[in-house]
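The block underneath contains the structure these notes are about, expressed in C-alpha cells.
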Amino acid sequence: MELPLPSTAKEDKSNTLKTTLLFESMAITEIFSRLPTFAKPLLYNLQLKPCLANSRCEGRVTIDLEITQPTSYLKLHSAEIDIKSATLQLENGCMFTELPFLLEHKPMFVTFTLPNEVDAQKARLEIVFVARLTDKTMGFCRYSFTDASAAKKLLAFTQFESTYARKAFPCWDEPEYKAKFTVSLEVDEHMTALSNMPAVAELKLEATGKKITKSKSGIDIRVYTTLGKQYLGEFALEVAGKSIDWYTEWFAMESPLTKCDLLAVPSFAPGAMENWGLVIAREPILFMDSMKSSIQSKIDVSLAVSHEIAHFWFGNLVTMFLEMVDDLWLNEGFANWIMNEALTIDNPDKLEDVFDAVTCCKPSSLIQMLSTYLGASVFQKGLRDYVQKHKFANSTADDLWTAVSEASNQNVNEIMESWTNKLATL
C-alpha cells in the first residue's frame with residue numbers, strides 16, 4: 001500500500017550531493033540525492049525467479065540491517081519495481097507487517113513508514129516484489145538471439161553499474177553500503193544459472209557451452225558461451241588464468257574468490273563489466289579465432305580480459321568510494337595502467353600495436369608518471385599496502401595517495417593534487 005511520506009520522516013538536506021563533471025570546455029552539473037545514513041544493510045538473502053518469456057522476475061529479498069539511530073521510516077532504492085508487501089522484524093521482538101510505503105520515481109527511492117519510532121537496533125526487512133526484465137542494459141536484462149542451429153533463444157543477465165541494482169531488487173544501491181549476499185535463482189531445468197560465487201547446490205541438468213581450467217592460484221576459471229561457440233573463448237580462458245596468477249603475485253595477495261567465470265553474450269552495451277567472479281562481455285571482446293583472427297584481435301582480447309580482472313583487486317576487493325563520480329578516473333585509469341603491466345611484450349615490433357588510444361589515455365599516463373617518478377618497486381609497495389589495508393572496504397583517492405606516501409617517504413598527496421584537480425584539462 002502506498003501512502004504519503006509522514007511528517008516525522010524528515011529528509012536530511014545535507015545528503016544532497018552536487019557534482020560537476022568537466023569534459024574539456026564543457027561542464028555538466030547534476031544533483032544526486034543520497035540515502036540517509038541511519039540504517040545500513042549487513043546481509044541480503046535474495047531469491048529470484050525470472051520468467052524470460054514474460055519479461056518479469058518474481059523476487060523476495062530479506063535484508064538483515066542495522067538501525068543506528070531512532071527513526072520512524074526506512075528508505076532504500078527501488079526503480080520500476082512492483083512491491084507486493086514488506087515486513088520488518090526488530091531485534092527487540094516487535095514485528096510490523098504490511099508496511100505502507102511511498103515510491104519516489106525521480107530519485108528512485110522507496111520509503112517504508114513504521115507505525116512508531118524505533119530505537120537503534122538490528123532488524124530484518126523482508127520485501128516481496130516483481131521486477132521487470134528490461135531490453136535495455138540496465139538492471140536485470142533480457143536478450144533474444146539466434147543460436148548456431150538458427151533457433152531463437154533467450155538469455156538474461158544483470159548490469160548494475162552504476163546505479164541499476166535498484167531496477168532488479170530493492171536495496172541500498174550506493175558503493176558505500178557493502179554487504180554480504182546469498183543468492184537463489186529458480187530457473188527452468190534446461191537453463192544455466194550463474195552468480196558471483198560457486199553454487200552451493202544445484203538441481204538442474206549439466207550445463208553446456210562451458211570450458212573449465214584451473215589457475216595456479218587454485219581458482220576455477222570458466223568461459224560460458226552460447227552453444228557452438230566454445231572454441232572462440234579458449235584464448236580468453238588462457239589469458240584469464242595467466243592474469244589472475246600475475247595479479248596475485250603483483251599484489252602479494254590471493255583473490256578470495258574460488259571461481260572466475262567469463263560470460264560472452266551476443267549484445268552488451270557497456271562492452272564488458274568486471275562483476276566480481278562473473279565478468280560479462282560482448283562476444284567480440286572475448287572471442288578470438290586462432291585460425292582467422294589478426295594479431296590486433298589477440299591484443300584486444302588480452303587487454304580486455306586483463307583489464308576486467310585487474311578490477312577484482314582494484315575496484316572490487318577495494319572499492320574506491322567515488323562520491324558518485326569524482327574519483328572514477330582513478331578506478332578505470334589504474335585498471336588501464338596495470339593491464340599493460342600484466343601483458344608481456346616479447347617482440348619490440350608489437351609495441352606499436354599495443355600503444356593505442358586505450359593504453360595511452362590520460363589517467364593511466366598519469367599513474368605511469370607517478371610510478372616512474374617514485375620507482376616501480378616503491379609504487380608497487382604502496383599499492384600492496386593500500387589493498388591490504390582497505391580490502392573488503394571502501395576507500396578514497398586520499399587513502400591511496402597516503403599509502404603511496406608512506407611507502408615512498410614523499411608527500412604524494414601534494415604531488416597529485418595539482419594533477420587530479422585539473423585532470424580534465426590535461
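Glycine is no exception: its Cβ is also placed from the backbone N, Cα and C atoms.
Whatever TrEMBL says is automated annotation, not expert-curated.
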Which single residue out of GLU283, GLU332 does TrEMBL record at the Zn(2+) site shared with HIS307, HIS311? GLU332
Note on Zn(2+): the CB centroid of HIS307, HIS311, GLU332 has further same-chain residues inside 8 Å, namely GLU274, GLU308, ALA310, PHE314, GLY315, ASN331, PHE334, ALA335, ASN336, MET339
State the count of C-beta atoms found within 10 angstroms of the C-beta of HIS307 (Zn(2+) binding site), not counting that atom itself. 22
For the recorded positions listed here, GLU308, GLU332, which shows the highest count of neighbouring CB atoms within 10 A? GLU308
Could you give the number of helix, strand and coil residues in the domain 'Peptidase M1 membrane alanine aminopeptidase' (235-340) as assigned by DSSP? 50 helix, 18 strand, 38 coil
